[in-house]
């Protein structure tokens, strides 16, 4: 009985091998079975038959006891091992199933979350549309009583902003969203009032901006004005390259990127751990702090090497140094600045940036054609002084300080400057003959109107600026119609191009001859200048005229009377003959040129100097003071100088004045004598 049991156990162990710990029990069991087995000589296993049956029974009993003991100790372990193995397999399969189920559960949960989010978004959009419809139905313009109540209370900024947005939304789709009986003018007027209250603009500027832009774009522009523009650097190619400069600044903790594709030297700075205007590279002139919009006029000018270029309003020197870098320090640049206080920053930047081909001048730019000569330069950059309505983010005082009169004065000055710039450029230049006009204003009166004026007054034409971006200029604006070529000019806005508001135009001078229609106007301008010169000369000679005696004045008046008589005689003679035709009489007098006016002015000054040198002296003895005083009174000498010569005891009388010396006034002498000594009088 024991043999078959052992063989089954052995076979079972072979079929399902237990774990390593349980496999160690198998050799001991086999050894015990082998000891109980008797092998025949032919190798077959047979149980040995004992002679004594009692012994056989005892042996069977002992063997059965051993087998029963073996079943209790070892066999159970083996069977438990196989059960454990099956349980482990089932656990592994269950774990795999659990993992698969977990993955599927995660996917299901993710899908459910995504579906819920999509449902929420759809519901939110539907609710928003519903709210918009409800608000559109509920929104109405405030009444006069409500406006009066608001004026008495402090401004409610949240209410103002909400109303501004509502009005802008209505104006964007006026036909479908407007209230019955409300006109567009009502909405626009209320929008202006709210913008003035919320953003702090004056009436004139808001009115001008409303005329320039639609409501939606107007809000974008005003919001852009409230934010500062990015800080930009211009690499000085005379000393370094942009890649090298960017690497050095990055190591110093400056977070920057290239400005844009249109600029090869610009860098935009996001933040910096060091003052960007006090780094060693800045002090060494490797870069210039300059707005992105200031790059545009110089790029449009495109100066060439060995040219003669004029920057008519150069301070603080950003554009001038950029021109010098493009010219590689060749040729010649005239950097003119009218305000003397700004010359320090101009010269400092020129030296810091290593520019060596620039001459700094301090003239009124309108006089440059007289100073440098007409038709004498190749290219001119005129960054004209303007109202600054494009840089409100830098100077918020523009919101309230500008008026229509300021715009008109700026436009008048700009027209004079652009005519002077055109007269200064040589149309026969081989590589030049270009004028670039730019302003930091967005007003039409300072931009398109000035260029249109120049096109009418001089023989010039507009050419492309060479800038691939920017909005074209206005050809028509409100009631004004400009030249059709003004679409070649470029406008830049902060809400579109993320730079200051700017205007750029490029002109090409076609000939050095002025149109005939301008001769009379130029004559009028020269007449005004000559009158101003004469008035200045008269003011300078007021003190000198007071010095002359009454006799000289009488002589002058007699000469004037004689001249008038001669003129009257001539007019009577001409009146006796035939009168000239009406057209000839209406012809304006041909006034002298500016050079002749300057020459006449210089001659007058020379004559005045010579008259001061030629002084008349009268010699008197010291005892003849009474006679001296009587002479002065009789000749109406208001101012005189008495000089005493101690050696010859002579007194000299100078008829002409000397402001720092002793004065003698009219005196009526009644037989008394007085002595005057100039040295004693001081």
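Cβ coordinates come from backbone N, Cα and C, glycine included.
Automatic prediction, not curation, is the source of TrEMBL annotations.
Keep in mind that this is a model prediction, so the values were computed, not measured.
Straight from TrEMBL, the features:
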type: COMPBIAS; residues: 1-11; note: compositional bias 'Basic residues'
type: REGION; residues: 1-154; note: region 'Disordered'
type: COMPBIAS; residues: 82-92; note: compositional bias 'Acidic residues'
type: COMPBIAS; residues: 105-121; note: compositional bias 'Basic and acidic residues'
type: DOMAIN; residues: 221-510; note: domain 'SAM-dependent MTase RsmB/NOP-type'
type: BINDING; residues: 313, 314, 315, 316, 317, 318, 319, 337, 364, 383; note: S-adenosyl-L-methionine binding site
type: ACT_SITE; residues: 440; note: active site, nucleophile
type: REGION; residues: 513-549; note: region 'Disordered'
type: COMPBIAS; residues: 521-539; note: compositional bias 'Acidic residues'
type: REGION; residues: 562-610; note: region 'Disordered'
type: COMPBIAS; residues: 590-610; note: compositional bias 'Basic and acidic residues'
Nonlocal neighbours by CB distance (under 8 Å) for residue 364 (S-adenosyl-L-methionine binding site), same chain, sequence gap 6 or more: 338
Local Cβ density at residue 317 (S-adenosyl-L-methionine binding site) - other Cβ atoms counted within 10 Å: 27
Cβ contacts under 8 Å made by the compositional bias 'Basic and acidic residues' (105-121) with residues that lie 6+ beyond its boundaries: none
Sparsest Cβ surroundings (other CB atoms within 10 Å) among the recorded positions 313, 319, 440: 313
Packing count at residue 315 (S-adenosyl-L-methionine binding site) (other Cβ atoms within 10 Å of its Cβ): 23
Segment confidence, the domain 'SAM-dependent MTase RsmB/NOP-type' (221-510), expressed as mean pLDDT: 94
S-adenosyl-L-methionine binding residues 313, 314, 315, 316, 317, 318, 319, 337, 364, 383: largest Cα-Cα distance, in Å and rounded to whole number: 20
Whole-number Å value for how far residue 440 (active site, nucleophile) lies from residue 319 (S-adenosyl-L-methionine binding site) (Cα to Cα): 14
Secondary structure content of the compositional bias 'Basic and acidic residues' (105-121), with strand meaning DSSP E or B: 17 helix, 0 strand, 0 coil
Cα separation, residue 440 (active site, nucleophile) to residue 317 (S-adenosyl-L-methionine binding site) (Å, whole number): 16
Rounded distance in angstrom between the Cα atoms of residue 315 (S-adenosyl-L-methionine binding site) and residue 440 (active site, nucleophile): 14
Integer Cα-Cα distance in angstrom, residue 440 (active site, nucleophile) to residue 313 (S-adenosyl-L-methionine binding site): 13
